[in-house]
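Visitor: This structure is in structure tokens; I'll ask about it shortly.
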């Protein structure tokens, strides 16, 4: 997915490969000799004591909880509106006030989480599966497949995301979340496929993989046992950060009127319909905007923390 | 170098045609290209048949695409919904969007790089931590939210600017929209510069520069910055295309009559000629910006030689 | 006395604790004299040199005590700007890996000329002429053309010559060469070392040669200081040490050099690893690896015993070590 005003997750994932508190050049061998741990248990060890990870993880768990059981914290229905209360501010039982149609803003914000989280997770899953499958395939078989796939990926990279979304989704009439997810997978896979391809090519050159090949391991066995585990970590890192950007992208498209459509409850739609009244009733815009910002922030911070923990270059 | 440029230009050709074909198909398969041509009403069957023939819509799609591309290279981008040539719309819209993009890039360079240098040199200090947190927030808040909030605060609450930009879009009215458009990239530039500076501060050649007895200011400006800014310049270059594509949202919020506005109008009124034309030019800008970046890289880093 | 380091202490504050990189180092260098500082990586030899140059990264580094007297003035008491002006003009440093030590995006002419524009206030044109002169001086062919090239366009040996030229530019009194030939091919090593020694004689400079290669030392050094875990364990004129080392660690170093006359014999290796600098063992730091270690070595830190008028050894049993 091409970097746009929304920021490509790719750049974000790559922008910091620094060593934070490396021991200075002078005294080598100062590190205590600890027994080596696997990449994953090492990462988990680091993550457990990282406050950024804990905070963002808790926010995300909460978001997933209210996505599954929104009625646990919001009693009404998001579609239960009373025009006579339109644009009214906060009042007992309705802490966030009412929107332009007189719907309860609090209930809509809670139900909006379900939409955002499902779009984010499903789009990320789709992108990760399609991207790693295609990228892994290209990297493993190389040559013609690789060249062809790289060119196709270039074409999709050549289309700015919001632009592509406007063109492609403007003709869709379905009010489900599937067209938006499909669009994200369609434009998002090259980002993951490049990473998967790179990891597979690196892994293929490892001595132990060459040895397995010399011993006559079959292609599928090599892919699954030796190569795939190497590609998983970078894909997970980029996918986590991308999840946040997909949520932002859904809201942006919905704001532009081409993403989700009512009666689906979406923060982007609510922000869009609130924006003309921002002068008189800013609360209608601020609550869903705040929820959106916190959600995206949580996923990006989580991805950031996971990247720091998983990137062996940082040690 | 010359050969490299030619090779890269040749490589761009299939990508350009692939991307435009994709857009062309999307617009033509999914929407009806003549739907908007008779104004708000639907066309009567006789007019419709005539229009279809006139625009070559009775021919197969691949032929339509070739005809369109052929016309395009003679400067004929077709006709917009109101009968205006698309090229005229472009002549109005592109200067405005380019001005907006330039404002955004100036912000990226001035604010992004300065913040990055300051934090990179003071890693771990309070300034650094607070700027880092701030960049994370800016990256996380979608541009349209940032834009609406900025408009609410500066335009409505404090009444410092006009909430909507006038049709001519003079430079001073583009300052806030430019900042909004730049915001996310600006945060990336800050983080990238910081990382790059922090990495290079520990490099051997900076130690050499210190051992040569150069004043700190010179070590930073001549040795540290020159190397650290290479990836940053690359990022900003790639961003030119992305900003112009992303300007749709900003232009919508501030009612700027640039490329995004025209595209949006084209989509709403289902004018396929407008949409395909504008998107084609944007894709071209995007690809050229990427090429420019690669060449710039070679100028900045003498170790890179293109064969 | 050109340089005198007195009881220098340097620490690094890291996440794992305080690493004591240099613990009370003393050494002196006279004009025209070559001091070789030997030791494994992590022994503090480079850190001491960086402290003398004033290019330690502070923080995490910290000079915890001692004096560095350069021509009688304590550098640690100078203002930063005074010390800076001494760098390059009074003392200069040659680094190990010239490829990373030279700035990749500036031409060698710019990097050499910079010495003259900054320290001597010369014009760019004059500085360029000086750069060509310097490159001739270190015998780089076609200097006039190559002055416009970038470091990556030179071979390893040529790049190290450029580093030497840069250090010599302002004819400093003291040169510190930190493993100047380690990164080079063996054939080129000798040429570069020869050039350095020749220029040193010509300008009568003091030279501190930091190395872990005893082979290089024998040819050029006047005296040797052997470092271990941030301390000097033995100092001696170069020939004495080769004849009979007065410290078990020095003996270990000497015996681990492969020699033609001992072909077929197993090569000696000092057992164990250098200590973690955040947890240096009490007593003599070398005791866990020392074949001569007794109880006293684990409790009492050995002082520098006087072996002869010119020799010192920090071993409780230096007499035994000397006998071999």
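Residue 1 is the first one shown; counting continues down the chain.
Cβ coordinates are placed from backbone N, Cα and C, and glycine is handled just like the others.
The model shown is predicted, which means the values in this text are computed figures rather than measured ones.
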Visitor: Between the candidate ranges B:74-93, B:174-193, B:194-213, where does TrEMBL place the transmembrane segment annotation?
Guide: B:174-193
Visitor: Residues of the same chain, at least six outside the transmembrane segment (B:275-300), with any C-beta under 8 angstroms of its C-beta?
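Guide: Beyond its ends, the transmembrane segment (B:275-300) has Cβ neighbours at 1, 5, 8-9, 12, 15-16, 19-20, 23-24, 27, 68, 72, 77-78, 86-87, 89-90, 93-94, 229-230, 233-234, 237-238, 240-242, 244-245, 259, 262-263, 266-267, 306.
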Visitor: Would you kindly check B:12-31, B:131-154, B:174-193 and say which stretch has the most C-beta pairs under 8 angstroms to the transmembrane segment (B:96-119)?
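Guide: When the Cβ pairs under 8 Å are tallied, B:174-193 comes out ahead.
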Visitor: Within the same chain, where does the transmembrane segment (B:174-193) have neighbours whose Cβ lies under 8 angstroms from its own Cβ atoms, ignoring anything closer than 6 residues to its ends? I mean 6 or more beyond.
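Guide: For the transmembrane segment (B:174-193), the nonlocal Cβ contacts are 99-109, 111-113, 115-117, 119-120, 131-132, 134-136, 138-139, 143, 146-147, 150-151, 154-155, 161, 165, 228-229, 231-232, 235-236, 239, 242-243, 246-247, 250-251, 253-254, 256.
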